[in-house]
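> Take a look at what TrEMBL says about it:
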COMPBIAS  1-21  compositional bias 'Pro residues'
REGION    1-39  region 'Disordered'
COMPBIAS  22-39  compositional bias 'Low complexity'
DOMAIN    63-499  domain 'Major facilitator superfamily (MFS) profile'
TRANSMEM  66-90  transmembrane segment
TRANSMEM  102-121  transmembrane segment
TRANSMEM  133-154  transmembrane segment
TRANSMEM  160-185  transmembrane segment
TRANSMEM  197-219  transmembrane segment
TRANSMEM  225-247  transmembrane segment
TRANSMEM  298-315  transmembrane segment
TRANSMEM  335-355  transmembrane segment
TRANSMEM  362-379  transmembrane segment
TRANSMEM  399-422  transmembrane segment
TRANSMEM  434-461  transmembrane segment
TRANSMEM  467-490  transmembrane segment
REGION    501-525  region 'Disordered'
Amino acid sequence: MEHHSQPPPPLPALPALPPLPVEATTTTTTTTTTTTTTTSAIVADATMPLKPDPSALRRSTARRRAVFAALFTIELATSVVYSFIAPFYTDEAHAKSVSQTAAGWVFASLAAAVVVVSPFAGGLMAKLGRRRLLLTGLVIEASSTMLFGFTTLLPDGAAFFSGCVILRLIEGVGSAFVGTAALAIAAAEFKDTRASALGAIGIASGLGYCGGAPLGGFLYDWQGFRLPFLVCGGLEFCTIPLVLLCIPASSSQGVTAIDSIEAAKQNPAAHTDTRKRSSSHALLPPATPRKLLRIPRIWVGCFAAILSIAAITYLDPSLSTFCGDTFNMSPGTVGIMFLVISIVYGVASPLVGMLAERISPLALMAVGSVLSVIAYLIVGPSPLLPFLPQTEAVAWTSMAAIGLSISVACVPIVPELIAAGATRHPNDDALSDAVSVIAACIFSLGEFIGPIMGGAIVPAVGFEWGATIFACILLAFAIVQCATATSVLCSGNCCTRSRLAPDNDEPEQHQPLLLNADLGEAEEA
């Protein structure tokens, strides 16, 4: 039976489309292939805005500036709580029959709570949302800080020590909530300038930490023990309106595979280009702190951060006693020495942030570790350097050297952790949340280790030899860090690509399941 070719059926009528510009109009040709291509192009173009709205861009820029200002202020205010007791608490604790070693545990208890609570804060953030967790942390930390000022009403000895430790632990819970939420918000809101934004937030944290000591010393010299706690707690309460006014209630929490499926159901044409651009990454499992810790490069960054932060907190329980006994300095003057660290840190950090965008953050961190070794050798100065006299000028110079070294070592930490994690987990929001949890833990671990070491080593061997021992510890890891940075810079991305090969193949194997029309079965899977 002879078959006759039938003409192709007419194309179905297209739904009414919004008016298009004259230059976007496409002439329909007589061939079926050209007509289909033109029709698809018009439908795809109709789903996208023809022109960006300038007013919307201005509103977005203003909102992001407000979010940044709020986060910067919050980090500045909350970081003060860590250090403002450094110039006076050791002497006050001695008057209440508490040893210098026990005072070191009071300094470290806040950081210990942050280390323990931060992993749980990440899970709690997924349920409450970032802004609610931030508000909860601010209320907890501010309240416990103000209550700390009344611990002098407790009896001397064990009662005073126990009350101080309990309140510092509560402060640490609030600090864990604040630090985890703030880093996650910053990383999610500033995706295109994440390194600069996180570096600036880190600058605020460093300025608050280093600036807290002179503020506490000044307030203590003025009105005694209670006023510094009331002022610093009040500053934290004042940041709560900034959160309510500047930070959006529903910040992005990441896009999961199911969210992508639902988006494809609602708008298949608009979803096609995105699917093509990110098909190799869309189905990778979201990053978690446990998965990130499987990356060796993450561990190098973590240990570098711990030792860099410990290089600051080591001085908390010991510097005031050393300078008071050696140079007859008051708590206010010791606070100004911490202010020198803060000023140098604040001046150098923007320059370091710009360098971190041009060269490897890991290499910068290695340079910072070497500078920290030099700074701690001259802070005493070390008995290994007999040609350096023990004068106030040397002591002030060592504070400036510590500020510079901490800036070079600390500012690139979060960008380095994100860069290392992105080699395995390109899901931006999930990676940002995971890195924020790790960063909060390692920063707090450094804040915990530093005063414990300072409170234990200095009474045993003296301030000068204690600083020398700590410099040797920094030197040992600086050698490892320099070797790692050299290896990464020399090998480039070869090792990373070989490790990524199985992960990149897996999405391609499963990709057709999501590209088929039966999206419901993929969603159930």
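Even glycines carry a Cβ here, placed using N, Cα and C.
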> Checking distant contacts: for the transmembrane segment (197-219), what same-chain residues at least six beyond its ends satisfy Cβ-Cβ under 8 A?
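Result: 68, 71-73, 75-88, 182-183, 186-187, 189-190, 227-228, 231-232, 312, 330-339, 341-342, 345-346, 349-350, 352-353, 356, 403, 406-407, 410-415, 418, 443.
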> What mean pLDDT score does the domain 'Major facilitator superfamily (MFS) profile' (63-499) have in the model?
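A mean pLDDT of 80 is what the model gives the domain 'Major facilitator superfamily (MFS) profile' (63-499).
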> Most CB pairs under 8 Å with the transmembrane segment (434-461): which of 160-185, 298-315, 362-379?
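The listed stretch sharing the most Cβ pairs with the transmembrane segment (434-461) is 298-315.
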> Taking 66-90, 225-247, 298-315, 362-379 as candidates, which has the most Cβ pairs under 8 Å with the transmembrane segment (160-185)?
66-90
> Thinking of Cβ pairs under 8 Å, which stretch from 66-90, 102-121, 298-315, 362-379, 467-490 has the most of them with the transmembrane segment (133-154)?
66-90
> Which residues of the same chain, at least 6 past either end of the transmembrane segment (335-355), have a Cβ under 8 Å from a Cβ in it?
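Distant Cβ neighbours of the transmembrane segment (335-355) are 83, 86-87, 195-196, 199-200, 202-203, 206-207, 209-218, 312, 315, 319, 323, 329, 364, 395-396, 399-400, 402-404, 406-408, 411-412.
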> For the transmembrane segment (298-315), which partner among 102-121, 225-247, 362-379, 467-490 gives the most CB pairs under 8 Å?
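Comparing 102-121, 225-247, 362-379, 467-490 against the transmembrane segment (298-315), the winner is 362-379.
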